[in-house]
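S.K.: From TrEMBL, for reference:
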- 4-116: domain 'CMP/dCMP-type deaminase' (DOMAIN)
- His55, Cys85, Cys88: Zn(2+) binding site (BINDING)
- Glu57: active site, proton donor (ACT_SITE)
Amino acid sequence: MQKQTDEIYMKEALKQARKAYALEETPIGCVIVRENRIIARGYNRRNTEKSPLAHAEIAAIKKASKKTGDWRLEDCTLYVTLEPCQMCAGAIVQARIKRVVVGCMNPKAGCAGSVLNLLQMESFNHQAELTTGVLGEECSEMMKQFFKELRQKKALCRQQSREME
Ligand SMILES: [Zn+2]
């Protein structure tokens, strides 16, 4: 039952990731759920906004806080297609989000267990429940496809510039 619910909301996070993809941004999407309703959505807009803070999770946390009128998101679950970075994991702890559901892991930069697990440090005043690998295949496939296309575009650019010489 929980698994099915998680997959439904991860699909919504994937829809957000597709919006980033359409902007040629690394496809990462996020939704925040409270009482079985999506209260906020977000996707990566780092290049579009020229801001290192424009991550999917930060956008969604901002919207959720605005909507609820409270910086505490204690009864919320955050769904994100890629394991959160240190900034987003920090914001999740700051917002006291109850539970985090991750699509695929990010071995080189993830802070929900890969590089470290900021979400469940005993020494902080808040720990989030954590579920990983929900629709992990779909989430990592979208990332792979994105980087594959990016490499092809770069190769095409190099080829064109050689032809002009
Ligand atoms: Zn982040």
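Keep in mind that glycine also has a Cβ here, set from the backbone N, Cα and C atoms.
Automated prediction, rather than curation, is the source of TrEMBL annotations.
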S.K.: Neighbourhood of the Zn(2+) site (His55, Cys85, Cys88): other residues with Cβ within 8 Å of the Cβ centroid, in order?
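M.R.: In sequence order, the nearby non-listed residues are Ala56, Glu57, Ile58, Pro84, Gln86, Met87, Ala89, Ala91.
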S.K.: Measuring Cα to Cα, how far is Cys88 (Zn(2+) binding site) from Glu57 (active site, proton donor) in Å?
M.R.: 6
S.K.: Rounded to an integer, what is the Cα-Cα distance in Å between Cys85 (Zn(2+) binding site) and Glu57 (active site, proton donor)?
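M.R.: Taking the Cα atoms only, Cys85 (Zn(2+) binding site) lies 10 Å from Glu57 (active site, proton donor).
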S.K.: On the 0 to 100 pLDDT scale, where does the domain 'CMP/dCMP-type deaminase' (4-116) sit on average?
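M.R.: Per the prediction, mean pLDDT sits at 98 for the domain 'CMP/dCMP-type deaminase' (4-116).
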S.K.: Which number gives the other C-beta atoms within 10 angstroms of the C-beta of His55 (Zn(2+) binding site), all protein chains shown included?
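M.R.: Step by step: centre on the Cβ of His55 (Zn(2+) binding site), count other Cβ atoms within 10 Å, giving 25.
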S.K.: Go ahead and report the DSSP secondary structure tallies for the domain 'CMP/dCMP-type deaminase' (4-116): helix first, then strand, then coil.
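M.R.: Looking at the domain 'CMP/dCMP-type deaminase' (4-116) with DSSP, the answer is 41 helix, 27 strand, 45 coil.
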S.K.: For the binding-site residues listed here (Cys85, Cys88), which one has the lowest count of neighbouring CB atoms within 10 Å of its own CB?
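M.R.: Across Cys85, Cys88, these binding-site residues, the one with fewest Cβ atoms within 10 Å is Cys85.
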S.K.: Around the Cβ of the residue listed as 'active site, proton donor', how many other Cβ atoms lie within 10 Å? Please give the count over every shown protein chain.
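M.R.: The Cβ of the residue listed as 'active site, proton donor' has 28 Cβ neighbours within 10 Å.
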